[in-house]
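A quick write-up on the structure given underneath.
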Number of protein chains: 2
Amino acid sequence: MKIIRKVSQMQKIALKYFQDGDEAGLVPTMGALHEGHVSLIDKSVRNDDITIVSIFVNPTQFGLNEDYLKYPRPFEKDVAICKKNHVDYIFAPSVNEMFPAAHKTFIEVKQMQDVLCGSFRKGHFRGVATVVAKLFNITFAERAYFGMKDFQQLKIIERMAKDLNFRTKIVPCPVVREKSGLALSSRNSYLSQKEKNDAVQISKILKEAKKNFSKNNVSAVLKDAIKKLNKISGSKIDYAEILDANTLSRADKASRNFIFAVAVWVGKTRLIDNVVL
Amino acid sequence: MKIIRKVSQMQKIALKYFQDGDEAGLVPTMGALHEGHVSLIDKSVRNDDITIVSIFVNPTQFGLNEDYLKYPRPFEKDVAICKKNHVDYIFAPSVNEMFPAAHKTFIEVKQMQDVLCGSFRKGHFRGVATVVAKLFNITFAERAYFGMKDFQQLKIIERMAKDLNFRTKIVPCPVVREKSGLALSSRNSYLSQKEKNDAVQISKILKEAKKNFSKNNVSAVLKDAIKKLNKISGSKIDYAEILDANTLSRADKASRNFIFAVAVWVGKTRLIDNVVL
């Protein structure tokens, strides 16, 4: 396994395997790897000739008052996890390497970027779409793996890749959960044991909503879930919405798939989770 | 020479020549080809194994009240010009092929997109950057050729390609002019003979400004040129500015290269021209 720090070096390697006919899989991460990431890595190792994990805490996707500085960066541990799971390359560039001072270009995915998390985290998905497009161009990936925990991110990246004619195929991967049901997230490390126990309720409420959901009782299911989410100790709901799973817009009669997505603060930690209905 | 209408077909061809190690040159155009375009084609034919001319009147780069509908589309004539000049592929997709209804993704190059033409044609460079990024992904071009007549476009594309780590190299090509000095443009076809004679003054005024320019007399040279531009019969100046040629921002002591760029209406036709000082 090799650790690559420079864009030019990664591109040179990528050009070589691409022209040799080897297919690369990209797992874009911000590090602090957990079993969710490992499930993406596993999928790539099975599908692709070469697996690249990018580790980059992307400043352009954090708001001014968000957790960019305190976001966990256990790099040595991440390296060990990648090595153990048969990753070929870790691409871990510096901020200056990815976003030098002269950088001026951003990618926006209209409408989809403004709902759910986008309405609370202005500019977040602009930063995500931009860095992912850069990673596609840097790695020539045949496939890129994204967890469904970040459902809105997944849908935005799918849209972006299609709209800009990237050849990289987007592979969605199921949410990985603790036995308790809590969705794995690098941000779970911010939770106290007490908060963690409280946070477990979120996935339980989503699971129950899924069980009770039908096309005809959207608002009743939603109302019930919001009531329960509000009862979680120390909780504050950013949003809880049932939307068309493809467009992330209001579900209507043409909708075939529905997503119930929530963002809930538990204490000082913002957690997101979702369930496809 | 082949004419390709479908993105998927162009990408399939591109993938093949790319993996065969052949280098492709892309000449992105809106058709209505003139000697300026031919100079780009010639350069690609000399440099590249394969030359692709894209012909696409891109609706996303036209404002609501602009000339999208009346923009000239002499397709058969363009095909003949390409054939004569040894083009390998014309890529001429439909609007729906490039921008289907579900399209939501746009690329913005901050600051640079807002000055000069950008301040008069809102969203113009967003449309340009987006379509060019798509063309890069569709053609896997090793090099792409842009005329310096559209100087701001050239600089924005250079910035975008660098910022998003496209491997495509941007090749700037000199302005091609009529003997009179008038910069070639597909929009010159809108001019009456009388207007064309008037428009010739623009390049003369720029040429004179270049002759008189020094770092210490920027405002005097500019003032004199504006006075003369205003004297052209039927003229209206959108802008006439001397800027740092690299950043398109206000020239300062760190500036090494200067660009004098103008947009001037002659009758109902908006003409742009520039000179590197």
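Cβ coordinates come from backbone N, Cα and C, glycine included.
According to TrEMBL:
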BINDING   B:30-37, B:147-150, B:VAL176, B:184-187  ATP binding site
ACT_SITE  B:HIS37  active site, proton donor
BINDING   B:GLN61  beta-alanine binding site
BINDING   B:GLN61, B:GLN153  (R)-pantoate binding site
Counting across all protein chains shown, how many other Cβ atoms sit within 10 Å of the Cβ of B:SER186 (ATP binding site)?
19
Within the chain of B:LEU33 (ATP binding site), which residues six or more apart in sequence place their C-beta under 8 angstroms from its C-beta?
B:VAL53, B:LYS77, B:ASP78, B:ILE81, B:CYS82, B:SER186
Using Cα coordinates, what distance in whole Å links B:VAL176 (ATP binding site) and B:HIS37 (active site, proton donor)?
9
Nearest recorded site to B:GLN61 (beta-alanine binding site) by CA-CA distance, among recorded positions B:MET30, B:HIS37, B:MET148:
B:MET30
Need the DSSP three-state call for B:MET30 (ATP binding site) to compare against my parser.
coil
What three-state class does DSSP give the residue listed as 'beta-alanine binding site'?
helix
What is the interatomic distance between the Cα atoms of B:GLN153 ((R)-pantoate binding site) and B:GLY36 (ATP binding site), given in whole Å?
15
Based on DSSP, name the secondary structure state of B:VAL176 (ATP binding site): helix, strand or coil.
coil
